[in-house]
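K.L.:
Structure below; questions to follow.
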Amino acid sequence: MSHTEIQVQVPLVMPTGEVGPRTLTYDPRAQGWTAATTLTALKQALAHDLGIPVARQRLCATSGLALPDHCLFVQEAQHEAYWACRMALTVCGGKGGFGSMLRAQGGKMSSHKTTNFDACRDLAGRRIKSKKMADAILESMSEEEKRKADRRFKVQKKIRKGLEEQPPKRHLFDDPNFFKNTEKMGADVKHSVQAALKSATHAESASSTTSSSSTLAAPADLGRWDALPDLSDAEESATSKSG
């Protein structure tokens, strides 16, 4: 087996908070590793040198692919000048479910495909939005005369309509409750007036009867006074008797 170095890139900050080395280099001959040595031996060496338990170590290739514990790394590196890998630390996971949330959100995002391509460019290098705006301006300019003619026609139509003699408006008032209440109020007023006139007639007849009776009784009273003896004669007779 040719002389091959095993290089392991480790985290800059250790779990204890200390700053660790960036790269550790191992010599398979000095470590006693053979072609049948698995990746577990490398993890044990890292645990001895860094104090990181084997269970927390996760070795990956430089491409990011995770390496299994049964990987024969020495056999793979015997034809190379060096063999490199990277160590990552495992952390405590959460309760899970985040992956399913991402998948659901990704499904929603993929279902709503965008239809706005205004920011893209055509083969001439112009933005599609700029081309649409230019086309809209040209179309607006071409239809300007038509819009002016339509405005003039609307103004003339409004003027002719204003000069025409408008027919008188007739309003139909149809409210049964109003008519019913009006008739009831008229009947009540008529009844009240009749009752007032009737009471006034009775009062007038009663007063005329009283005045006529008093007029007829006055002569009787005067005659009664005439039938009585004269007070002056009675006084004179009384004086003569006393004398």
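Sequential numbering from 1, following the chain as shown.
A Cβ is built for glycine as well, from the same backbone N, Cα and C atoms used for every other residue.
What TrEMBL lists as domain 'SDE2-like' is 93-194. The region 'Disordered' annotation in TrEMBL covers 158-178, 196-221. Residues annotated as compositional bias 'Basic and acidic residues' in TrEMBL: 161-174. Marked as compositional bias 'Low complexity' by TrEMBL: 199-220.
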K.L.:
Using DSSP, break the domain 'SDE2-like' (93-194) down into helix, strand and coil residues and give each count.
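P.N.:
Reading the DSSP string over the domain 'SDE2-like' (93-194) gives 68 helix, 2 strand, 32 coil.
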K.L.:
Average pLDDT across the domain 'SDE2-like' (93-194)?
P.N.:
83
